[in-house]
Structures are given as C-alpha cells and as structure tokens.
Amino acid sequence: MADQLTEEQIAEFKEAFSLFDKDGDGTITTKELGTVMRSLGQNPTEAELQDMINEVDADGNGTIDFPEFLTMMARKMKDTDSEEEIREAFRVFDKDGNGYISAAELRHVMTNLGEKLTDEEVDEMIREADIDGDGQVNYEEF
C-alpha cells in the first residue's frame with residue numbers, strides 16, 4: 001500500500017512525522033496522530049482516528065512507528081481518492097445536477113462514450129442499479 005506513494009509524499013509524511021516525534025525515538029503517540037494528519041490536509045474524525053490506531057498499533061502500546069504511519073496514510077489517501085472519483089463520475093452522468101441519473105442522461109453519456117445502446121439496454125442498466133424502484137439512479141445506488 002505504502003509503495004503506491006510518491007517519493008515526494010513519503011518525504012512530506014516523514015517530515016510531518018518527525019515534527020511530532022518529540023524524543024526522536026521513531027514513534028508517535030496516538031494523541032499526536034490527529035495533529036499529524038491534520039497538518040497534512042487530512043481531516044479524520046475521532047472515530048476514524050481510533051479505528052486507524054487500532055488497525056495500525058498491533059501491540060496496543062499507544063505508539064505508531066513510521067512504517068505503520070505510512071501504511072495508514074496511504075490507505076487514508078486511497079479511500080479519499082476513490083470516494084472523490086466516484087462523486088465526479090456521478091456528476092458526469094447527472095447532467096442536470098438534480099442528484100439522479102435518468103434513462104435519458106445515461107443514454108446521452110453512453111452515446112458520447114461511443115456506446116450505442118437500445119432503449120431496452122438503457123432501461124435494463126437503470127433497473128439493475130435502481131434499488132428503490134423510482135426509475136432513476138441516485139448517488140447511493142450509483
């Protein structure tokens with residue numbers, strides 16, 4: 001996971017990590033974790049912090065070393081990216097911005113992508129994703 005980070009990102013994380021590793025022993029306490037992440041533009045909730053710490057802090061001693069920290073940050077960034085990518089993709093389909101993808105909007109985008117679909121195929125795609133049966137696809141269904 002951490003191998004997907006650029007050298008620049010790793011250097012950035014190392015710098016931030018060092019700022020909070022007061023005694024220079026290569027570990028930070030769980031209390032410092034939130035401060036470190038916020039300094040890097042992340043905005044974790046208390047619950048997220050606790051979950052991350054529980055996942056990373058294998059021995060439960062309340063400290064995290066740099067390799068553990070890198071793994072955690074890589075995971076956090078990946079989650080953020082994919083959520084944002086899904087949102088952007090939804091906006092591409094939701095032409096009128098009303099929060100729903102209609103059959104007409106789906107047909108329009110698929111045609112622009114070079115996919116000539118029959119009305120039946122479009123309706124079938126909508127039906128497969130349309131959990132609440134309103135004939136459209138909302139963000140959650142998407």
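These residue numbers are counts, starting from 1, taken along the chain as shown.
The backbone N, Cα and C atoms fix where each Cβ goes, and this holds for glycine too.
From a predicted model like this one, the values you see are computed outputs, not experimental measurements.
For Asp21, Asp23, Asp25, Thr27, Glu32, the entry in Swiss-Prot reads Ca(2+) 1 binding site, with the evidence type sequence analysis. Around the Cβ of Asp25 (Ca(2+) 1 binding site), the same chain contributes no residue under 8 angstroms that is 6 or more positions distant in sequence. Reduced to three states, the DSSP call for Asp25 (Ca(2+) 1 binding site) is coil.
Per Swiss-Prot, the feature Ca(2+) 3 binding site maps to Asp94, Asp96, Asn98, Tyr100, Glu105; the stated evidence is sequence analysis. Sequence-distant contacts of Asp96 (Ca(2+) 3 binding site), defined by Cβ-Cβ distance under 8 angstroms and a gap of at least six in the same chain, are Glu105.
Cβ neighbours of Asp130 (Ca(2+) 4 binding site) (same chain, under 8 Å, six or more residues apart in sequence): Gln136, Val137, Glu141. Residues annotated as Ca(2+) 4 binding site in Swiss-Prot: Asp130, Asp132, Asp134, Gln136, Glu141.
Beyond its flanks by at least six residues, the domain 'EF-hand 1' (8-43) meets 2, 49, 52-53, 57, 62-66, 69-70, 73, 76-77, 80 of its own chain at Cβ-Cβ distances under 8 Å. Sequence annotations record features per position, and here Swiss-Prot assigns domain 'EF-hand 1' to 8-43 based on sequence analysis.
Over the domain 'EF-hand 2' (44-79), the average per-residue pLDDT in this prediction is 81. The annotation domain 'EF-hand 2' is assigned in Swiss-Prot to 44-79.
Summarising the annotation, Swiss-Prot assigns domain 'EF-hand 3' to 81-116 and lists sequence analysis as the type of evidence.
Marked as domain 'EF-hand 4' by Swiss-Prot: 117-142. Distant neighbours of the domain 'EF-hand 4' (117-142): 86-87, 89-90, 93, 99-103, 106-107, 110-111; these residues of the same chain sit at least 6 beyond its ends, with a Cβ under 8 Å from one of its Cβ atoms.
Lys116 (N6,N6,N6-trimethyllysine) falls outside any helix or strand according to DSSP and counts as coil. The N6,N6,N6-trimethyllysine annotation in Swiss-Prot covers Lys116 and rests on similarity to another entry.
The binding-site residues under consideration are Asp21, Glu141. Their Cβ neighbour counts within 10 Å are lowest for Glu141. Among the binding-site residues listed here, namely Asp23, Thr27, Glu32, Asp132, Asp132 has its C-alpha nearest to that of Asn98 (Ca(2+) 3 binding site). Around Asp94 (Ca(2+) 3 binding site), the same-chain residues six or more apart in sequence whose CB sits under 8 Å from its CB are Tyr100, Ile101, Glu105, listed in sequence order.
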